[in-house]
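Feature list (source: TrEMBL):
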type	residues	note
REGION	43-63	region 'Disordered'
DOMAIN	131-298	domain 'Integrase catalytic'
REGION	276-313	region 'Disordered'
REGION	339-397	region 'Disordered'
COMPBIAS	353-373	compositional bias 'Low complexity'
Amino acid sequence: MSRARVAVMKVVSQQLSVTDAARQHGYSRRQLRRLLARYRTAGLDAAEPRSRRPKSNPSATPHAVREKIITLRRDLTSRGLDAGPVTLAWHLEQAGLAAPSTSTVRRILHTAGLITPEPRKRPKSSYLRFEAAQPNETWQSDFTHWRLADGTDVEILNWLDDHSRYLLSYTAHQPVTGADVVTAFLAAVEQHGAPASTLTDNGRVYTARFGGGRNAFEYLLPLLGVRQKNGSPGHPQPQGKVERFHQTQKRYLAAQPPAHTIDELQKQLDQLREHYNENRPHRARERTTPGTADRATAKHSPPRHNPPATTACATTTSIPEANEPPHAGRMHHLGIGAAHVSSPSSTTPPSPSSTSTPAKSSRPTPSHPTRPTGETRRNPRPMAGGFPKVTSVATHV
């Protein structure tokens, strides 16, 4: 029994006077008389202390807005799309509703039981952040794995603008090769202009520097005046923006019907790219979409430069006791054809004054046609990064 009930009952039963009951139970006589008046009007329950909460709150979120927030949350989550407080507030504004603060949206979601607590999640304020000042200042790239309905492994390659988070290119491959990286990069350059720099990890499709050479992508960038940047091995934090996008991608694909072919998967990727660029606000971009941020600022461009000239002259290199000229930091064998295996020109270049005719090979003439002297021959082993090297071999006879 509450203190108020006891005080009222002792006065009503005439055990104590109003003055004594008020002193004994910690009330003033005015407070106790108010409790007695409520008791006589509405019974003993009315003597209980009343809540001090206001009966009305003009600034409370309207019921219709609360219901809209809950409906949006469930709808976006079921489609595998981001549905945080910032995103929900943006959608309310697009619908012409007065959006409450993100903290209010978060409280509404908590009350509805639509937020899963993550107490061990690292707070965003603990990260050291950086971003490019303009679109096209830096492009980030990476690829991740996904499986088709039959378990076939597919690799998804993406290019992301560091400033606006605009998804520049988004393609599926089996698997990603150096040629795919170059093709996707050039397609993005044709549509959006060349970036001043790129930022990737150290995958072989991006760099062959640990093998002592360069791949096709590394040969391309200097021609466009683009600076290449690679993160430290084992430290993906510099590529955090594109790594974070992988979470958005996997959440979306997990909510879609499993794709049976790579073409079906590509259609799903195209739909996500459109939504991500134009219908998903980004908190780091002041709640604007990547597409809006990309169009709002002048784009950066590579510094003016004179690309290296392409020469068509022949270069003679002395390689003693070997027919394996180096390329991209590795030695690659160049075949000279069965017709010249035993000829003197295959081992030691003849003197310019020599007029003797080389001895013919004792081997039988092959039945298949042979390449004429000086014909271009493709290297049978692929270069690092994907593109085969074409080398021209001139034999003196």
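Each residue, glycine too, has its Cβ placed from N, Cα and C.
Whatever TrEMBL says is automated annotation, not expert-curated.
Beyond its flanks by at least six residues, the region 'Disordered' (43-63) meets 2, 4-5, 8-9, 35-36, 100, 104, 108 of its own chain at Cβ-Cβ distances under 8 Å. Mean pLDDT, taken over the domain 'Integrase catalytic' (131-298), works out to 91 on the 0 to 100 scale.
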